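Enquirer: According to TrEMBL, the transmembrane segment annotation covers 20-38, 171-192, 204-222, 261-279, 291-311, 317-336, 343-364, 384-410, 419-438, 524-544, 569-588, 595-616 (among others).
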Amino acid sequence: MNSYARIKALQMGKKKIFRILLIIECIALLMGIAGLFGKDAVYEYGADDMTINFGSYSEEHGGAHTENSGERDSMVDFRGIALPRGTYRVQVHYTVDTDMLTWCEVTDDTIGRKNLRTNGALFFSGLDHSDFEMWLLRDTSELAVHAWYAGEGSYTVHGLTICQTNAANRVILFLMLCLFTGVNMVCVYWQYDKKYGISVKKKAVIFCLGLTILAASTPLMVDYMRGGGDLFYHLMRVEGIRDAFLTGQFPVRISPEWQQGYGYASPIFYGETVLYPAGLLRMIGFTVTDAYRIFMFGITMATVLIAYFSFKKVFGDAYIGVFCSMLYSLSIYRFYKTYLSGSWGECFGVMILPILLYGFWRVFTQDVHEESYGRSWFPLTVGFSLLVQSHLLTGEMAGIFTIVLCLVLWKKVFRWQTFVVLAKTVIYSILLSAWFLVPFADYMLTGDFVIHHVSGRTIQARGLFPAHLFFTYFSNGTEVIFDDNGMANTAPVGVGIAPMVALLILVYLNFTGQLGKMEKRERVLGGIAGWFAAAAMLMSLSLFPWDRIQAMNGVTATLISSIQHPNRFLTIANVCLTAVAGLTAKYVMDSKKEVLKISYFCGMIFLLIISSVHLMDNTMFTSNVLRAYNGEGVSTGYIAGGEYLPHGADASRFMYHDPVCSEGIGTGNYTKLPLGADAHFENNSGQEGKAAFSLLYYKGYRAWDADSGELLNCYAGDNFEVTVDIPAGYTGDVRVRFVSPWYWRAGEVVTVLTAAAIALYYQWKKRGRNVLPDGQ
């Protein structure tokens, strides 16, 4: 009887105490659902509620007004606002002729920062009000909203609207669901242990994995984030997912509010599958910071458990699985990429790569005549699909090492059963990723983007020194280019001392011939993992001739430049070194010498602690503090290197504005939409004209007459703004929308059908295995 059947046999639903618990939970959930309703109060504040600090009230302008006064302070305050605790949207109504030189903020000295969570918002000439989130955790009667002025331009504040939302109640309901799920799991565990008994070994494994998750999540046990590196870019991606989901866009193709509402096609080039849960957390109502903490805790937990499962399967021992999971999840490299550089792509790669390790181990070591061998493509397919859809660069690096692996083991590759499994892996990975790969290939092959013009960017100067690989006491440095200052203030980029010691132990065992005591497949694993780790570490160094390879031809120039940082190869080295550590641990476990076992495991854990835990403590003591609550606290325009802009576009000019029309064309009833716009046009010029919208043109934009449906010419105009030709004499309403091409949708259908077919196949095989022959 398997574990699932045993859990069913517990018949928890018939136990009185558990039923009472479920009733209490259901009542609490119903109360939580009821709390979602009635949160729609609207609070309006006008001229009588303003405290005007400079400028004056103008009837002509309809509010407090100033113009080029030179004052740099809060022009208008709305003070003494009384609100019950809850979540709100704050809308300051204004008119301004400058961009990002006026802004608002919310303060309350009576309740403290922790009970008032919002970052305010910048004002733009193309908008007439702000609309940002505010979390109020205590009742207050002294809330203040300040409208700031930087001394330039015409500026009018008309009033203030605060709208109550049910976001706080959605958060509470979600947390209740999580809490009740956890409580129920504990109850089932307790009953399972009581009836069947859980071995001490399994309990020790559960305890150690929980401890590892806790230790690896320590940086998340604060109410802020650590600013730096790529963090802002990835937070913007999360905001883009939320914004897209709220407008009904699925899967996400273009983040609609990025770049002041112009949109940015990052999701087409940089897969976001793993990021979707973070976007959902923001949709539920969590602040940016809380969504980050919960999401990264989930990623950390997944990394620990995936590493445990994979290495346990490879080495056939739960304790070694725990040891490898601990070494892997608490590694210097993972800590740096996750918490310091904010390189979420590599962080996801670290999470996924152990699946590939297990998959290849299974493909190349399992008996090809076993019935389950035909399904050994599944881990590889899951791993490669996730890599393609989360961090293509890690997928490319994994692909390079996969080709080398197949060349090394070419005899096994050309066994019919193995060849079929590998072919299935390639085919199914492509089909499952078709929804992402089709748009990606479409833009890469037919478009002209900045990413096509980065081949001149060299990377060798960003390589590491060999000393980085053996460094022990890393600190929270910031330097990632070492040409001038060497390792002074170096970022903690390395693999850590513990994995390097494991590699040296493997070299010693091989040199002294003691590896001969292990099985052949384990010796092969040690050799391949060791050489792959060494090769990946070599490729991370400034000694490696990246610049020379890059200069060979246009293809190598593009490929090498896209790597950006050679230290990314440590993603591969990290998983290979952990496999080496697992192998040396298995050697020690098989030796039956207790002193050797104690010395090895205690020594490795000690080295892990003095390196990783030291870095963790130092980082938490010295890092910058970032508290972002609403999306405006992250930014709306940050695009890092701007690789996914149309080549030649000037992002600094992207600001909200009404349609810009040719002479003789009148416009009205303009409505800006996410990835679209509606407007009324009258062309009295006697000739064809055009109208430019505050949208960044990407393939897929279309324009048509709202009444007849007749398509209008839509193209990239000045600075790649969406531009529509308005025919001579035209009078009517024009609609502009981004519409995914039909073949993108076909790719989505292929992915869905493939996933469904695989699921049905496994369900069918499972039922077949559960049928007893001849009525036995």
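Cβ coordinates come from backbone N, Cα and C, glycine included.
Because TrEMBL annotations are produced automatically, they should be read as predictions rather than curated entries.
Locate each feature and note its surroundings.
Expert: Under 8 Å from some Cβ of the transmembrane segment (204-222) lie the Cβ atoms of residues 293, 296-297, 300-301, 303-305, 308, 318-319, 321-322, 325-326, 329-330, 334, 339, 613, 616, 619-620, all in the same chain and six or more residues away from its ends.
Through the fold, the transmembrane segment (317-336) approaches residues 201-202, 204-205, 208-209, 212-213, 215-216, 300, 303-305, 307-311, 347, 350, 354, 474, 491-496, 498-499, 502, 570-571, 573-575, 578-579, 581-582, 585-586, 589, 601, 604-605, 608, 611-613, 615-616, 619 of its own chain, all at least 6 residues removed from its boundaries and within a Cβ separation under 8 Å.
With a threshold of 8 Å between CB atoms, the same-chain residues lying at least 6 positions outside the transmembrane segment (419-438) that come near it are 251, 271, 273, 359, 363, 373-374, 376-377, 380-381, 384-385, 388-389, 406, 413, 743-744, 746-748, 750-752, 754-755, 758.
Residues of the same chain lying 6 or more positions beyond the ends of the transmembrane segment (524-544) and with a Cβ under 8 Å from any Cβ of it are 314, 361, 365, 401, 404-405, 408, 460-466, 469, 482, 495, 503, 506-507, 510, 515, 518, 566-573, 576-577, 579-580, 583.
Cβ atoms under 8 Å from those of the transmembrane segment (569-588) belong to residues 307, 311, 314-315, 317, 320, 323-324, 327-328, 331, 333-334, 337, 346, 349-350, 353-354, 357, 394, 397-398, 401, 493-495, 498-500, 502-503, 505-506, 509, 514-515, 517-518, 522, 525-526, 529-530, 532-533, 536-537, 539-540, 596-597, 600-601, 604 of the same chain, restricted to positions at least 6 beyond its ends.
Here the transmembrane segment (595-616) has long-range neighbours at 215, 218-219, 323, 326-327, 330-332, 335-336, 472-476, 492, 496-498, 501-502, 581, 584-585, 588-589, meaning same-chain residues at least 6 beyond its ends whose C-beta is under 8 angstroms from one of its own.
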Enquirer: At a threshold of under 8 Å on Cβ distances, which of 171-192, 261-279, 291-311, 343-364, 384-410 pairs most often with the transmembrane segment (20-38)?
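Expert: It is 171-192 that shares the most Cβ pairs under 8 Å with the transmembrane segment (20-38).
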Enquirer: Could you give the residue numbers and ranges of same-chain residues that sit at least 6 residues beyond the transmembrane segment (261-279) on either side and whose C-beta is under 8 angstroms from one of its C-beta atoms?
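Expert: Counting only partners 6 or more residues beyond its ends, the transmembrane segment (261-279) has Cβ contacts under 8 Å with 234, 237-238, 240-242, 244-245, 251-255, 291-292, 295, 298-299, 344-345, 348, 351, 386, 388-392, 436, 439-440, 443-444, 449, 451, 636, 639, 643-645, 654, 656, 672, 674-675, 694-696, 698, 721, 738.
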Enquirer: Please give the sequence-distant neighbours of the transmembrane segment (171-192): residues at least 6 beyond its ends with Cβ less than 8 Å from one of its Cβ atoms.
Expert: 6-7, 10, 12, 15, 18, 21-22, 25, 28-29, 32-33, 35-36, 198, 284-286
